[in-house]
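Below is one structure; the comments refer to it alone.
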Ligand SMILES: [Zn+2]
Ligand SMILES: [Zn+2]
C-alpha cells in the first residue's frame with residue numbers, strides 16, 4: 001500500500017496548536033481568538049488541498065528549467081547542500097521583500113498578514129497563489145544548476161522552519177537571535193506598528209535583513225499590534241483571498257495612461273487609491289458584523305465543519321494515490337464549499353443556505369457516484385426539489401439557529 005506519510009503533518013500541526021493554546025490559557029496571555037484561528041486554519045486547508053494539484057507541476061517546471069537552461073553542472077556533496085541552503089534562504093529573502101513591495105505579489109502574500117493574532121495557526125495562513133509566485137523565484141535554483149530532487153528535498157525542510165517562528169510561547173532564543181529568524185523577529189514582521197513595518201523578511205537566517213538594512217530589534221516599550229495597517233474586518237474566505245486583487249483591478253481600470261496602469265500592478269501597495277477599497281467594501285461587506293463575538297451555535301457548527309474538512313483533507317492526502325482525478329475533484333469541491341461556508345457564517349451572511357443546499361447535493365452526488373442506484377438517484381433529485389420548494393424556510397431556520405443572540 002502506498003501511503004503519503006506527509007499527511008501526518010496535519011495531526012502533528014494540530015498537536016502543536018493544542019499545546020500552544022493550553023500554554024496561552026494557563027499563562028493568561030490568551031493570544032488565540034476563535035474566529036481568527038478558524039479563518040487561519042481554513043486558509044491553510046485550502047492551500048494544502050490545492051497543493052495536491054500543483055506540487056507535481058512545480059517539480060516538472062524545475063526539471064524543465066534544469067534540463068534546458070542550467071548554467072552550471074552542480075554535483076551533490078555536503079558543501080553543495082550547505083550552498084543550496086544559503087542560496088535558497090537568500091532567494092526567500094528577496095521573494096518575501098518583493099512580495100511586500102510589489103502589488104501583484106502582495107495580492108497573494110497579503111493573506112498571510114491578515115490575521116490579528118500571532119500563533120501557530122498563522123503559519124498555515126498561506127495561499128496556493130503565494131506558492132505559485134514563490135516557485136517562480138525558486139526557478140533560479142535549477143537555473144543555477146542545482147538538481148531538482150535536491151531542491152525539492154531542501155524546500156521541504158526549509159518549509160518546516162517557518163512553522164516554529166509563528167508563536168508567542170517560545171520567548172527569546174538567546175544567542176540564536178543574532179543569526180536565526182526567531183519568533184521575536186518574525187512577530188515584528190507581522191506587526192502593523194509604524195516602527196515595525198516592512199522589516200525582518202528572513203525565513204531561517206536573519207543575516208540577510210542585517211545585510212540589506214531591513215532588520216529591526218524588538219523595542220520593549222512598543223506594544224505590538226498584529227495584522228494589517230487597515231484591518232480586514234471580515235472572515236469571508238473569498239474576501240480574504242481576493243479583496244486585494246479586486247482593489248488592484250479597480251485601480252487599474254481607473255488608472256490613466258500606461259505609467260499609472262503599470263504602477264497599479266508593479267508599484268507599492270501605498271500607490272493604490274484607498275477610495276477604491278472603500279467602494280469595494282461598501283459593495284461586498286455591507287452587513288459586516290465581524291466585531292460581534294460568534295454565538296455558541298456558530299462556534300459549534302463552524303468547529304464541526306472545520307474538523308470534517310481537516311479529516312477529509314487528511315484522508316485525501318494519505319490515500320492520494322488511490323483517488324481518481326474525478327473523486328479528488330469532488331472531495332476538493334466539498335472542502336472548498338465548507339471553507340467558504342465557515343467564513344460566511346463567521347460574517348453572519350444569510351446566503352449560507354445556498355451553500356448548505358449545494359453541499360448536501362454534492363454529498364448525495366458523491367454517494368451516487370460511488371453507489372449508482374435508483375435509490376441514490378431518487379435521493380439526489382428529491383433533495384434538490386425540497387431545497388427549491390422550501391428554500392425560504394431553510395434560510396430562516398439556519399439564520400435563526402445560528403445567528404440568534406438568545407441562543408448564545
Ligand atoms: Zn510577509
Ligand atoms: Zn509569517
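Each residue, glycine too, has its Cβ placed from N, Cα and C.
Looking at 78-95, 96-113, the range tied to transmembrane segment in TrEMBL is 78-95. Same-chain residues lying 6+ beyond the ends of the transmembrane segment (298-319) with a Cβ under 8 Å from its Cβ atoms: 3-4, 6-8, 10-11, 14, 34, 38, 41-42, 45, 48-49, 52, 328, 331-332, 334-335, 338-339, 341-342, 345-346, 348, 402-403. With pairs at least 6 apart in sequence, the transmembrane segment (49-66) and the transmembrane segment (325-344) have 3 or more Cβ pairs within the 8 Å limit; the two touch.
Away from its own ends, the transmembrane segment (375-392) comes close to residues 353, 357, 360-361, 364-365, 367-368 of its chain (Cβ-Cβ under 8 Å, at least six residues beyond either end). Away from its own ends, the transmembrane segment (351-369) comes close to residues 326-327, 330-331, 333-334, 337-338, 340-341, 344-345, 376-377, 379-380, 383-384, 387, 391, 394-395, 398-399, 402 of its chain (Cβ-Cβ under 8 Å, at least six residues beyond either end).
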